[in-house]
Amino acid sequence: MKRALLEFARQGFPVSKANEFGVYPGSVSRFDNAVVFMADCGSRDALVVFGDDMGFAGKSEDGFLLCELSHSNAVRLREVFAYTAPRALLHSACTMGLGDRLGIATDGHIAAVEGYSVLPVFAQQSMRELKLTGRTYDDVLDSATFAVFRRGYKKGFGADGDHLKTLEEIEYALRCGYSMITLDCSEYIDNTVQGMSAGEVKEAFCPQPERDCLYLNREFVLGGERLFFDEDTFCRGVLIYDAALKFIDTVYRRTIVNASRPIDFEISIDETATVTHPLHHYFIARELQRLGIKVATVAPRFCGEFQKGIDYIGDTAQFERELTIHADIAQQFGYKLSVHSGSDKFRIFEIVGRVTEGRFHIKTAGTSWLEAIKAVAVKAPALYREIHAYALESAFDEARKFYHVTTDLSRIPPLDSLSDEQLPKLFSNSDARQLIHITYGHILGAKSPDGSYRFRERLYSLWRREREFCDTLLKEHIGAHLEQLTKTQ
Ligand SMILES: O=C(O)[C@@H](O)[C@@H](O)[C@H](O)C(=O)CO
């Protein structure tokens, strides 16, 4: 390695020959009196600095500095090369969240987005994901930063503290440099209102004339339809969302307005049992405006089901009708719609792209984890069999507490009925997908009786060995999402 690096330097760091020296061509960067790049050292990558050390920390050898992909070096990289730091993507039309639960997917994600007019949010993780994988926001962002540098991806990317529910969680993500905050309001949404009678709603409602006159008994033309806000619909909207609006206001004033940099602020009302009535969306949008709260995106709970890692369940005609209204509201109030659990929703991608005229944010995460496990099924069938059996026997019931899925395990073909060559086909079976999708934390955290990880190390070394194959799977699969989403643009 050392000899190759010295020869690369002697030849003047030729990008066109970088691969021959184990150097990633996209990473070769000059800055003042230094050349910085990333090299493939077999089982890991390293940052290499020739010339001034530029403040990177590493081991000096024959005129160059060999640096670990550590947090402090990621911080320095973001300071020196601004494109490796996340930024708010507020004004970009089409943006896509590409959650990477493993810290290895960004290279494939970069390959996927490169042919499309979309800006990516590479570092996107929810608190739930961090808890299940045992990762930190620093770790998630650092992995994205290193991949962006490795590939020389300079178009810009975001970092989303996804599904945050408390001030502390938001402050944590902001401290780590995140550029997007997704406020999950689910704990402040009153799902019991759906089951209340008209009389009960009337009795529970507290009038506020100044607010109520803006909506009550008024007609609105939304998405080309005339929608009438009758008393019951209005009072229900207030009862369902009033506490959430107060919560949003508190969070916004205590965190987002004080941030020292632009932040994409997203309101998420999707992970809840109450489908967002279009008129209630209008009420929320207008109340946010009255409160002076600037949002980049709002994620309604759309009709139908957006379950993790599988296609849309529901009536696509109704979805299109309601989406048209939601999109009109978003446009009127100057934000974009955000579609959560966007992994694998092939039945509606074209509709989303067309109806929003290409102005949307869509989040994916689980599908990239599934592609990583599919790579295991292809390249290491015996390991896949172990993981699948573990997920079925020891993880699924527990994992179900974290995600709403309607998986029917009996529809998954028994493992012993499948040849090794047939294993990858399991990834076309919705129930098998969900089995693996929701058990990621358990699979990664599973321990053997001696206390060592049962799968984790074997998985990471396989993914390292097969990184080109994994990147290709992601490029194709995320590319298939983008193809549909941008079909009408
Ligand atoms: O699994 C999670 O917690 C997250 O990836 C999601 O909830 C995320 O918001 C999403 O929608 C990704 O598809």
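Numbering starts at 1 and runs along the chain as displayed.
From the backbone N, Cα and C atoms, a Cβ is placed for every residue, glycine too.
From a predicted model like this one, the values you see are computed outputs, not experimental measurements.
Some features that TrEMBL has for this protein:
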- Asp162: active site, proton acceptor (ACT_SITE)
- His163, Lys308, His340: divalent metal cation binding site (BINDING)
- Glu266: active site, proton donor (ACT_SITE)
Spatial separation of Glu266 (active site, proton donor) from His163 (divalent metal cation binding site) - C-alpha basis, Å: 9
Return the members of Asp162, Glu266, His340 (the recorded positions) with CB less than 6 angstroms from at least one atom of ligand 1, or none. Asp162, His340
So among the binding-site residues His163, Lys308, His340, who's got the most Cβ atoms within 10 Å? His340
Cβ within 8 Å of the divalent metal cation site centroid (His163, Lys308, His340 excluded): which residues? Ser126, Asp162, Asp270, Glu271, Phe306, Ser341, Lys363, Ala365
Residues near Glu266 (active site, proton donor) in space but at least six apart in sequence (CB under 8 A): Asp160, Met180, Ile181, Thr182, Leu183, Val295, Ala296, Thr297, Val298, Ala299, Ser338, His361
Would you kindly give the Cα-Cα distance separating Asp162 (active site, proton acceptor) and Lys308 (divalent metal cation binding site), rounded to the nearest Å? 15
Given His340 (divalent metal cation binding site) and Asp162 (active site, proton acceptor), what distance in Å do their CA atoms have, once rounded to a whole number? 10
Surrounding CB atoms that lie within 10 Å of the CB of the residue listed as 'active site, proton acceptor', all protein chains: 27
Based on DSSP, name the secondary structure state of Asp162 (active site, proton acceptor): helix, strand or coil. strand
